């Protein structure tokens, strides 16, 4: 007998990965409930759409649920998980629920260590401009849509594929993107980089024979796995052997201008409303998919020129008064791995040439700080001024040799930047007020609670006005 599902409960519904799936299910007509430790804009939006939201985790919250959705971040002793197990309610992993949504449509899954959210957003935006009206589930808020998910009427669903817990192996899309492969979340793979690369190969094996793997050939680790991909491959990037390639790249006024070369097609002049070479690569993935699906060149050009970005991905907050009577440019970014951070710093240098770059950085996870310690020191040493916070633990036990103080000491030993260390992220606005000067570019960066700092700075200014 088929198990009838009417109500679906999400444990940790306010998270980026969970909320998007929940929103799509609400729009499909399911009764959706969920719990989280605190309210945020995402839970408020879901509640307005009709979801039932509880603050705090309690067994009573799953009342009436026919399925309970969890992510790998949810502990097995969570009271709602225990209640579901006791009551015989199916417990479904987030990626499995995403896979079920993909079964309803043709899936386009975006994978890679870095750039998933921006690339997913670019693909969704270009397909929408081409009239394909895709469903999308994104790990950040697509600013033009005001949400991180949307139920479209078209045949495609565009979603991020998460390698951090190997859950992307639950997905069976028809098109896959691999942006890059880097050493992150290595606990999942037993600290064996070969196992991580093998997981990406296995990911491509989920494609049907008529599917395609769209891969960034600029990344050496992606290039290494191409011979082991048994499905059709489309190579994109800046490399000469890329089938979808960018040439004549020019950074101007915070935008990237370039020409796209595609096999059998006329060159396409593109203006991308994002800075940085890494975003040129991300846009090429979207162009490759859009071209394959028959989106017109005019629609591709329009979507990229008008792209408004994603929340916390080089998100601009405008000009902010500085303590010396001038003003500085405030930007917020989700970067938390040295490779991502280096790309964002390079993008900022290209978008704002000659201006002093101030970074406020909150490291994310002690294990990542430990594993990438020297790389963090190197990238943080490339900015002109630095405010550094204690590590955002994300549930991990503290590691004294990889905390904020240890990172500060290592940076001072190198001697290229003298960090201002603050123990709490709440102290970042005051620290920035003492560092930022007229004409500076200030970036708040990290995957933890520092994401709330720019809004606090802007709110403080509005209250003083």
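Glycine is no exception: its Cβ is also placed from the backbone N, Cα and C atoms.
The number of other Cβ atoms within 10 Å of the Cβ belonging to residue 116 (ATP binding site), over all protein chains shown, comes to 26. Look at Swiss-Prot and you will find 112, 113, 114, 115, 116, 117, 118 tagged as ATP binding site.
Taking Cβ-Cβ distances under 8 Å and a sequence separation of 6 or more, the neighbours of residue 112 (ATP binding site) in its chain are 119, 163, 177, 178, 179, 180, 181, 216. Listed in chain order, the extra residues whose Cβ falls within 8 Å of the Cβ center of the ATP site residues 112, 113, 114, 115, 116, 117, 118 are 110, 119, 179, 180, 282, 340.
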